[in-house]
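I have placed the structure first, in the form of structure tokens, so that the comments after it can refer back to it.
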Amino acid sequence: MSRPFRIGLTGSIGMGKSTTAGMFAEEGVAVWDADAAVHRLYGRDGAAVVPMKELRPDAIVDGAVSRERLKLWIAGDDAALGRIEAVVHPLVAEDRNRFAREATAPVLLFDIPLLFENGSDRWMDLTVCVSTSVREQRRRVLEREGMTAAAFERILSKQMPDAEKRARADRIIDTTTLDSARAGVREVMKDVETRLA
Ligand SMILES: CC(C)(COP(=O)(O)OP(=O)(O)OC[C@H]1O[C@@H](n2cnc3c(N)ncnc32)[C@H](O)[C@@H]1O)[C@@H](O)C(=O)NCCC(=O)NCCS
Ligand SMILES: Nc1ncnc2c1ncn2[C@@H]1O[C@H](COP(=O)(O)OP(=O)(O)OP(=O)(O)O)[C@@H](O)[C@H]1O
């Protein structure tokens, strides 16, 4: 049996990855979310706890990796995020590969914020970028509890520019409204169904 069709979904912070991935799930697509995998890895008994404790003992609170402690470290040390990624990304890739091995759906979607940055686009059959205006992106992200303009800018500086992601992706879904996103999802699914026919 040929392996399932793999869609790589990406987009910068607040562009609508999770919401759009949910729309693909409504079409019967099995979805894997990298950020959710990181939450599992950071949780108590998560596979990242021991290696992160070795890397940065004060990052562990109540047996789990504390994001607040990580953010304090990142804010004070330019090398911190790269060192965290070196520990976490291989564990995220293992989680992704296990999902792909065990999945039974004909179409899989991988919601990966760093799809192009970490080269996992090469593993996909089709790449999709979600995007809207900078203004709408900023409005959405600054709405979040505890988010500041400085934190938003810092995260953006760590991500490939939206324009480059749009240029590299096979398809772009406009997430300015729920209707535009849903129409984009349907278009991609029509294309995938044609390829699988
Ligand atoms: C930096 C951390 C502590 C911030 O946690 P917090 O809960 O405040 O934010 P959250 O995880 O929701 O991320 C906010 C936004 O930043 C993005 N982001 C997360 N990690 C990174 C990264 N290493 N580089 C660029 N963007 C990132 C997320 O996709 C999201 O768009 C956390 O994101 C983290 O531990 N990141 C390192 C692990 C990683 O690289 N994850 C991305 C897997 S593809
Ligand atoms: N198509 C859309 N139309 C209107 N609002 C949307 C749309 N997609 C997402 N949003 C809103 O934008 C915000 C961010 O959406 P979402 O969490 O899906 O983005 P994300 O890219 O996964 O974010 P992050 O990168 O931070 O994880 C949410 O408040 C969501 O309700």
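Even glycines carry a Cβ here, placed using N, Cα and C.
The structure displayed is predicted, hence computed values, not measured ones.
As given in TrEMBL:
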BINDING   Gly14, Met15, Gly16, Lys17, Ser18, Thr19  ATP binding site
8 Å Cβ shell about Gly14, Met15, Gly16, Lys17, Ser18, Thr19 centroid, ATP site members excluded: Gly11, Thr20, Val130, Arg140, Thr175
Under 8 Å by Cβ from Gly16 (ATP binding site), same chain, sequence gap 6 or more: Val130, Thr132, Ile173, Thr175, Ala181
Fewest Cβ neighbours within 10 Å, where candidates are the binding-site residues Gly14, Lys17, Thr19: Thr19
Same-chain residues at least 6 apart in sequence whose Cβ lies under 8 Å from Met15 (ATP binding site): Val130, Ser131, Thr132, Gln137, Asp162, Thr175
Surrounding CB atoms that lie within 10 Å of the CB of Ser18 (ATP binding site), all protein chains: 15
